[in-house]
């Protein structure tokens, strides 16, 4: 409705502004009488358009407007170029390439050192856990692995086009700290786990452990591909850096040092990359104070243009970002990331004690909050810079996530090394994400799928060799997925949504095991699968419905180049004036849910369905058991005919099932009431 009104007002305003010009310049193409002072423009449905006189008048008016603009070319003077011309595109210099390659070479050197010159690392524990890492490198590595390149480019774009409501995402980060250090990590350290999914095997059995591992493998393989491809595309569009070259560089470096040096190389390389990332963020903010306005000016402009929003208390679950969706939904998302994601758990487990792990996790989350706040401020700073000439509207960029790379390279093009340091920081975030994922995938595959799931015996001496080859294999596989996802377009966003959905279901399995004593293996298995099917249905339906999120208004009033108004009007006229109506199941309200709720839905569904199915199965099993007490048989299903039979009464003994080797450590503190068989 609002889009239709905007189009009509635009056309009427243009008709009014060029009325005198059109009467003088175009009397022979379209006969216009002096009495026609204004043009009435109206759109109709396609069905009635063919025989409608008003539709013909609409086409005549549109043709008149376009002809006038093409002749006049408002604002175009001698020497003024179109905003979308190559002269206004950003470029990447030789020194910038040198800085980027230097960062990659240092990361490769770390892998060479730990792979060929560092003693130790010959066993699987050394390769996967690092055998007692230091506190500072692990803290920096945790921070880097949580900061993805997608967020570094997406957060400023969110502030620029949607406002600051999403800033509240830092609150659930801090709320996760007590949950992690009081509940989850004490369990992991007491059990001395290599893989966090080993807990699921101890609590529920082999099948649930394999289920959690498979979900993690699928989640991280697709996520790493998207985490590399999305920033590579954004950087290529904004800087001219070839997408395939960027992807190949990231994967070659990551696969090398993660497969050769193991967790130690990943942690040390992440520490170096964290320093590069911090320097790039701080440098951009400091230079922005000089080139794009002081913090007072930045927040003043944001307030004037309605970018400041922190207390949207709308309880509607379809509201994209509100206090409730960001804080509550974000809490479940970050809990799954910090507490039940193998990439983060594995790094904490590489420390010598639980106390050090708590300190590292706490400081890592605080560091992550600082990085996010700097990133959010950068978005407001970029908005202050382009408040009167939006680069997306004038086609200097083609997508919102290209905003920050374009700003850095275009604004600081005369300041040497800044563009190179910024791109190196984006690459550092991608390297940290992918390297951590590859090492954790090799750990999950070795411990959960091969040893536990397939009962393959792997000696500690050969464990490191297996893990190296698996890390290499996952790197090659994820690299191949990049080129598949690249041709699927909208699957990029769907894959990111799927990442949150799977993380929520996995978190639900852990919460079910920790909080619900009645939960058994069958309930957890079927509840997890059913919840996964439901949340994927909702997530995929949300992507298919493709709800367009309106952006806050931007301006092109004071651009230093000629805005192609003709192209804008042609785009308006090529669009339908009628509001699009959804048909089929994609029009259901459930598919309008904010993506921030997906992790919470997955977790709560898994807990509820797992508990309910467990209670039902336990009740059915109890009814089928013949109970013999001192008062006789108390099962009402047994009739008196049984006592008349001459058959002897058979007594059975109950014995707990002994866990097979490879299923993990036996936790005697947990009663597995449902794991009893009749001998």
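Our numbering is plain: 1 for the first residue shown, then up by one each step along the chain.
The backbone N, Cα and C atoms fix where each Cβ goes, glycine too.
Since this is a predicted model, take the numbers as computed values, not measurements.
Residues or ranges marked as signal peptide by TrEMBL: 1-20.
The annotation transmembrane segment is assigned in TrEMBL to 97-117 (among others).
Per TrEMBL, transmembrane segment is recorded for 129-154 (among others).
The annotation transmembrane segment is assigned in TrEMBL to 166-189 (among others). Counting same-chain residues at least six beyond the ends of the transmembrane segment (166-189), those with a Cβ under 8 angstroms from any Cβ of the stretch are 155, 158-159, 196, 199, 310, 321, 323, 326-328, 330-331, 333-335, 338-340, 345, 348-349, 353-354, 357-358, 361-362, 365-366, 368-369, 372-373, 376, 510, 514.
As annotated by TrEMBL, transmembrane segment applies to 210-233 (among others).
Under the heading transmembrane segment, TrEMBL lists 245-267 (among others).
Residues or ranges marked as transmembrane segment by TrEMBL: 274-293 (among others). Counting same-chain residues at least six beyond the ends of the transmembrane segment (274-293), those with a Cβ under 8 angstroms from any Cβ of the stretch are 103, 140-141, 143-144, 147, 301, 371, 374-375, 377-378, 381-382, 384-385, 408, 411-412, 415, 418, 421-422, 424-426, 428-429, 432.
Taken from TrEMBL, the feature transmembrane segment covers 321-339 (among others).
Marked as transmembrane segment by TrEMBL: 359-377 (among others). Counting only same-chain residues 6+ beyond the ends of the transmembrane segment (359-377), those with a CB under 8 A from a CB of the stretch are 135, 138-140, 142-143, 146-147, 151-152, 155-156, 159, 164, 166-167, 169-170, 173-174, 176-177, 180-181, 185, 277-278, 281-282, 285, 295, 298, 338, 347-348, 351.
The feature transmembrane segment is assigned by TrEMBL to 415-445 (among others).
Here TrEMBL flags 466-485 (among others) as transmembrane segment.
Counting residues 6+ beyond its ends, the transmembrane segment (524-544) has Cβ neighbours under 8 Å at 200, 204, 207-208, 211, 215, 490, 493-494, 497-498, 500-502, 504-505, 508-509, 512-513, 585-586, 588, 590-593, 595, 598, 601-602, 605-614 in the same chain. Marked as transmembrane segment by TrEMBL: 524-544 (among others).
Through the fold, the transmembrane segment (595-617) approaches residues 317, 320-321, 325-326, 328-333, 336, 497, 500-505, 507-509, 511-512, 515-516, 518-520, 522-524, 526-528, 530-532, 534-535, 538-539, 542, 674 of its own chain, all at least 6 residues removed from its boundaries and within a Cβ separation under 8 Å. Per TrEMBL, transmembrane segment is recorded for 595-617 (among others).
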Feature contact check the transmembrane segment (97-117) with the transmembrane segment (210-233), CB under 8 Å, 3 or more pairs:
no
With the transmembrane segment (415-445) as the reference, find which of 97-117, 129-154, 321-339 contributes the most Cβ pairs under 8 Å.
129-154
